[in-house]
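Here the structure comes first, spelled out in structure tokens, and everything after it is commentary.
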Amino acid sequence: MFPMMTGFMNYGQQTVRAARYIGQSFMITLSHANRLPVTIQYPYEKSITSERFRGRIHFEFDKCIACEVCVRVCPIDLPVVDWRLETDIRKKRLLNYSIDFGICIFCGNCVEYCPTNCLSMTEEYELSTYDRHELNYNQIALGRLPMSVIGDYTIRTIMNSTQIKIATDNPLDSRTITNY
């Protein structure tokens, strides 16, 4: 008779334990019902990037002195810098500058170590193309001003899931949204 009683007691304990686990998981589900969704509907909604987001690299041709520091600090030797030495003024003259974003790992070393600050990271992250050769940007494509996510009124911008407090008198700008 005792083995039968211990079997019933084990069954009862397991039933209570299972009910407790189900109750705990249900409480977690209910606690998440009050939160905003994490996912967004991408083509129609875009999230605003943080201030230090490493997107497409912006290049200013006039500031570049062709020192090739960006090539030396790049872990994959990616930027291609073509220059010619002007003998009459004894300076380098930049002819061509290009970066292949199909290979770039967006580490930001080139931007950090550039002595003239001619390189900067933008908030632009839509670089997808159908042909990988279109990702090879020359100095004209790199010099193009970045498209702001906030400035595009055809889509709904989503600020990260945390509540961001922005004063109504300040214009909505990517520089003012830093409370991520």
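Glycine is treated like the rest: Cβ placed from N, Cα and C.
Residues 49, 91-101, 103-107, 109-125, 127, 137, 139, 142-146 of the same chain, all 6+ positions outside the domain '4Fe-4S ferredoxin-type 1' (55-84), place their C-beta atoms under 8 angstroms from a C-beta of that stretch. The domain '4Fe-4S ferredoxin-type 1' feature in Swiss-Prot is assigned to 55-84.
Classification of Cys114 ([4Fe-4S] cluster 1 binding site) by DSSP places it in coil, neither helical nor stranded. Taken from Swiss-Prot, the feature [4Fe-4S] cluster 1 binding site applies to Cys64, Cys67, Cys70, Cys114.
As annotated by Swiss-Prot, [4Fe-4S] cluster 2 binding site applies to Cys74, Cys104, Cys107, Cys110, with the evidence given as sequence analysis. Sequence-distant neighbours of Cys110 ([4Fe-4S] cluster 2 binding site) (same chain, 6+ residues apart, CB-CB distance under 8 A): Ile57, Val69, Cys70, Val73, Cys74, Pro79, Leu119.
The domain '4Fe-4S ferredoxin-type 2' feature in Swiss-Prot is assigned to 95-124; the stated evidence is sequence analysis.
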Tertiary contacts of the domain '4Fe-4S ferredoxin-type 2' (95-124) (same chain, 6+ residues out, Cβ under 8 Å): 49, 52-65, 67, 69-70, 73-76, 78-84, 132, 135-139, 142, 146-149, 174
Candidates Cys64, Cys67, Cys114, namely the binding-site residues, that fall within 10 Å of Cys104 ([4Fe-4S] cluster 2 binding site) by Cα distance: none
